[in-house]
Amino acid sequence: MFSGLFPPRQALPTPSLAEQSRRAAEELIRQAEAEERAANPSSALPLYERGVQSLLEAIKRETDDALKRSMRARAAECLSRAEALKQRRAPPPQHAGVIPLPPRTHKPLAPLPPRTTPPPAPPPAPPAQAAGRGRGAADAALSSQLDSSIVSEKPNVRWDDVAGLETAKATLQEAVVLPLRFPNLFTGERRPWRGILLYGPPGTGKSHLAKAVASEVDATFFAISSSDLVSKWVGESEKLVRALFEAASARRPAIIFIDEIDALATTRTDSESDSSRRLKNELLVRMSDAPEGVLVLAATNMPWALDPAVRRRFEKRVYIPLPDANARLALLKIHLGATPHRLSEGMCRTIAQRTEGFSGADMSVLVRDALMEPVRHLQQATHFRQGANGLWEACGPRDRGAQKISLMQVPAQALATPEVRDEHFARVLQRARPSVGKEDQSKYEEFTREFGTG
């Protein structure tokens, strides 16, 4: 009789794997603190280590970037505690007349924040004498952040998919492909290039070339952007740069591809922040000390903005220009792919000639726009007829078998796929414009005359 007075109990949602790892880590760290307060370092040490392992597992599974940063900072702090406990387990022998120091006490760790609250403020910087001791702990906690930058599956891009750019392809084969396939050719003073800068207008295929390199060689490929190395936490950006090069050194042969490097390594000025200057200094040091088997490949649209010291680290500076007529013709056929069309060879050459100054990205947009022209014609059609094959196609009002219906009234599986014709590209060419101006081209050519080596 009381069944209607209370609402039915709802089952609580099952926590995710990341949430379960976080809770397990919090419980282990709480136990470690209790053992440390009870002066049991032998019991506290393994609990801290297991808590850090649970935190690292949670970091791998967590999707919230703010929460991941908070857990990395907590893991680094726990590892520092563990290092201190290792030193306290074996105290040095005491001499007569020496009064022993009281045991070191630590402030208890705050519990991990719940998912609904923002991450806590970063912990205060450790004293100078403890900085060296905590470096390894911080690096171990930050290394998981670089896991997502490793390209585990080879991209579906081959050399043949990159139209033109023969000079850049030859340089990359010298630096990457040949040393891995024929290491006996590179002995003594004949050594492969260790730093290559690809520069040129936007949309010319610099990142596409990097994908082709990743698919052609059997090496660990790190795809890095500026956001992967820049952090708002003090000192973390330099640690990420150091961890990146150490990870590449451990996984040799390795390629580090830094896209839009101008966002990281602009010319140093007196007004820039200390964190930015430290980041550039760390990048310079790591590029200079990179071991054999580690290639730094970078791309930029603004080569003149790079710091001169960074520019010097790139032994080969290869200009990626706008595609010529032959390259534009190849790009046209690549982007058409298997789409049904009736383009004549003469029309293809006309398109290649009339698109002077277009980048590879501009050619992609042009083809996509032309491929939409038949669809637009179907949307505007007022009459359709059914062909001998049973499929419906757009027609004029006076054509035999014409019926006054709209596109949305045609059955989805009974619509004939229209082919792309010359007139479709002719209409698109009238309104297409390049995205790179002549003034921009002159700046790249001037930089090439002064600093280009490709």
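Each Cβ is built from the backbone N, Cα and C atoms, and glycine gets one as well.
Keep in mind that TrEMBL annotations are predicted by a computer and have not been checked by a curator.
Per TrEMBL, the listed range annotated as region 'Disordered' is 1-25 (candidates: 1-25, 26-50, 151-175). Applying DSSP to the domain 'MIT' (18-92) sorts its residues as follows: 66 helix, 0 strand, 9 coil. Residue counts for the domain 'AAA+ ATPase' (192-324) by DSSP state, with H, G and I taken as helix and E and B as strand, are 57 helix, 29 strand, 47 coil. Within the model, the domain 'AAA+ ATPase' (192-324) carries an average pLDDT of 86.
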